[in-house]
Amino acid sequence: MGPLLLVLLYPLPCVLGLPFYNGFYYSNSPNGWNPGNGHGEGVFNGVKLVVETTEETLFSHRGANVTLPCRYHYEPALLSPRPVRVKWWKLSENGALEQDVLVAIGLRHRSFGDYRGRVRLRQDGEREVSLQIRDLRLEDSGRYRCEVIDGLEDESGLVELELRGVVFPYQHPWGRYQLNFLEAQRACAEQDAVVASFEQLFRAWEEGLDWCNAGWLQDASVQYPIARARQPCGGLGLAPGVRSYGPRSHRLHRYDAFCFAPALRGQVYYLEHPKKLTLAEAKEACQEDGAHIAKVGQLFAAWKFRGLDRCDAGWLADGSARYPVVRPRPNCGPLEPGVRSFGFPDPWSREYGVYCYRPR
């Protein structure tokens, strides 16, 4: 057997600490462990267990169904099938506990938490243990680990899932730097969004997002994206990029927030109305039209993915007034695409229309 020791066990009703009892213990190889980043492998008794996932980020959208690919095999190949235990879980993004998604042994499986009833193991091909998630939610975006356990050996790989969406900065109605981390999470949720991850903010910066105010991210760090270096935003000596203040106290420190809103399933539109409206009248007008007053995240998503282009400022659900511009033109704000903001006007003002949202 060489340096590897094979110990034959006497038949016992169970072996403490083993997921499966298969009659053998396998010694661990010092070179057989890999934390898993799309490919994991381990060696036992001269046979290598290999777990394979995709290295490319998977993109989908809210409400869709998606399959996170994962397969395993042995090198050299084993002729007879072996029982394995499969575990999927979602990695933490901000220091919270990792979230169990699904555990399976053979045809038996169990799902957990918000994934219960929405996930199943796809085992169409030989040694395929891909995870299927249906009716994707905003919180499903993130990194998932696929772990295969054979006796004492376990190997894993990572799959990253990202929902298509748009990142936007958000301030409290009272002004700049009013939100601690918990309040930032709540503020984004109220706008049909979540606090953005660093990866989402970085991708938005690559697409041209330029914002000089620092905001919370999903990992409780505070950062801001600069596409054009200038004195008030870190100085002229720094190259464009995503500036970081590092991690901050969840409760003590206060900043703005960067929110991430998914692609829309419904319709955002400017309500044609014979007169301008107060905030209360705007909400009522949308209801009378069979819709709801739109949220900030919904307006940004309509601008980004539906090409909503309107030069008329309208009320939104949070009490702000904004309008989306895809084609910049004279008398329609700055000469660049974006969602323009008038801040949070007096709710009794009759200077604005309203943007409504009708679910699909």
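Here the Cβ of each residue, glycine as well, is placed from N, Cα and C on the backbone.
Where the annotation comes from TrEMBL, it is an automatic prediction and has not been curated.
Database features, via TrEMBL:
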- 1-17: signal peptide (SIGNAL)
- 48-164: domain 'Ig-like' (DOMAIN)
- 166-261: domain 'Link' (DOMAIN)
- Cys212-Cys233: disulfide bond (DISULFID)
- 266-358: domain 'Link' (DOMAIN)
- Cys311-Cys332: disulfide bond (DISULFID)
## Note on the structure
For Cys332 (disulfide bond), the same-chain residues 6+ apart in sequence with C-beta under 8 angstroms from its C-beta are Cys311, Val325
## Note on the structure
CB contacts under 8 angstroms to Cys212 (disulfide bond), restricted to the same chain and 6+ apart in sequence, sorted by sequence, are Tyr224, Ile226, Arg230, Pro232, Cys233
### Message
For a three-state summary based on DSSP, what are the helix, strand and coil counts in the domain 'Link' (266-358)?
### Response
21 helix, 25 strand, 47 coil
### Query
Taking the Cβ of Cys311 (disulfide bond) as the centre, how many other Cβ atoms fall within a 10 Å radius?
14
### Message
Let's check the environment of Cys233 (disulfide bond): how many other CB atoms sit within 10 Å of its CB?
### Response
20
